[in-house]
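Pulled from TrEMBL:
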{"type": "BINDING", "residues": "Lys66, Lys138, Ser381", "note": "substrate binding site"}
{"type": "ACT_SITE", "residues": "Lys150", "note": "active site, proton donor"}
{"type": "BINDING", "residues": "Thr222, Asn253", "note": "NAD(+) binding site"}
Amino acid sequence: MNALAATNRNFRHAARILGLDPKLEKSLLIPFREIKVECTIPKDDGTLASYVGFRVQHDNARGPMKGGIRYHPEFMHDQANMDYETHICGLLKHIRIALVVSSKEDQRSNLGDIESVTRSHEVDPDEVNALAQLMTWKTAVADIPYGGAKGGIGCNPRDLSISELERLTRVFTQKIHDLIGIHRDTMAWILDEYSKFHGHSPAVVTGKPIDLGGSLGREAATGLGVVFATEALLTENEKSISDMKFALQGFGNVGSWAAKFIHERGGKVVAVSDITGALKNPNGIDIPALLKYKDDNGTLKDFKGGDSMDPNDLLVCECDVLIPCALGGVLNKDNAADVKAKFIIEAANHPTDPEADEILSRKGVLILPDIYANSGGVTVSYFEWVQNIQGFMWDEEKVNFELSRYMRRAFHEIKAMCKIHDCNLRMGAFTLGVNRVARATLLRGWEA
């Protein structure tokens, strides 16, 4: 089942539990706006390339529509945080954009003959739509005043130079700048490009470098939020991180930070994987040493502190807590019955197919859903937005304290919905988020 079908299924289940009017249900499901643009840029070798970009703005009943941009072929294959979900954080390995723009002339006068233009990878609009919708429910669960959006450009970032990525980002921003804004759509080349049209607007993008108004703590926020969420779930079940063995699929931004914080809290990380390989150590991996090794070598391969393993085996290895931090749909009907973890923390978006959800539930596995578990990133993006609007920046201690408070509060609110509706954690989170958006929609008189 693809991501959009699974997301729609979860939404409709929550709508039935809540008893929503069918007209309101339809209104909440249909995106506010879908944008598709062609972005043609000159490449470094003088040829022209054309890329398709999408922006889906799902819902703005509770506030401006928030969501990053992915640069990816077919908008799939994320390996955790090759989700070049742009926050302009430095144009380094993982170009992260948030929503700022910088624009030179489109240079279309120099595009040349149409035959010299090559068309790049397609972006999957269903994937963009699903992630925009998930962001609507995610921000509502976190109780931050945003709606959901998502963008994608169909390209392989590894095939483009930094200057080509910059040109592509700027052209994409030029095409959509009238439809985004500080109070409309929050996404960092974009900051510069957007500001050319609308004046200096630091709050239009989040995930910016600190020197451009970014927030302390943003880089680690999703991984730290995952750990705060894990602590809340384990405490509810009279356990602690220090009692548990963890396996993490994905060792990019989210997985590496989560592993670091788990290790610092006394948890034992027994298996990790990323696109370069997988390794295991039943006695616990030395996470600081692994982080240094990967930083130095760019790979997990040949790390001496663990044994190599098949990456597919990580999902079914012996552990107490499984944290998928990378791809969607990795837990499915084919492997769910073999999962040995007692708890699953969904740090990735949509890692568990509905069929797997049912199998795991019958086994008694507790699943902390993505729309809560990985909401730390968007929560600290909200903090950054607030700081930019106020012109008053927080220290990292305050950022992390507020993130902990928001994550704890949301968990207790999810549990309350589980009790009211006699449902699992996924439906507790979905009913919480959908109910908040539905109430805002009715109060604003926007129902269909």
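Any Cβ shown, glycine's included, is placed from N, Cα and C.
Recorded features from TrEMBL, shown on the structure.
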{"residue": "Lys138", "record": "substrate binding site", "contacts (Cβ under 8 Å, 6+ apart)": "Gly148, Asp370, Ile371, Tyr372, Asn374, Ser375, Val378, Gly433"}
{"residue": "Lys150", "record": "active site, proton donor", "contacts (Cβ under 8 Å, 6+ apart)": "Arg55, Val56, His58, Gly67, Gly68, Ile69, Arg70, Val128, Asn129, Leu131, Ala132, Met135"}
{"residue": "Thr222", "record": "NAD(+) binding site", "contacts (Cβ under 8 Å, 6+ apart)": "Asn253, Val254, Trp257, Ala347, Asn374, Gly376, Gly377"}
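For the binding-site residues Asn253, Ser381, the ranking by surrounding Cβ atoms (within 10 Å, all protein chains) places Ser381 first. Farthest C-alpha pair in the substrate-binding residues Lys66, Lys138, Ser381: 13 Å apart. Other Cβ atoms within 10 Å of the Cβ of Lys66 (substrate binding site), summed over all protein chains shown, number 29.
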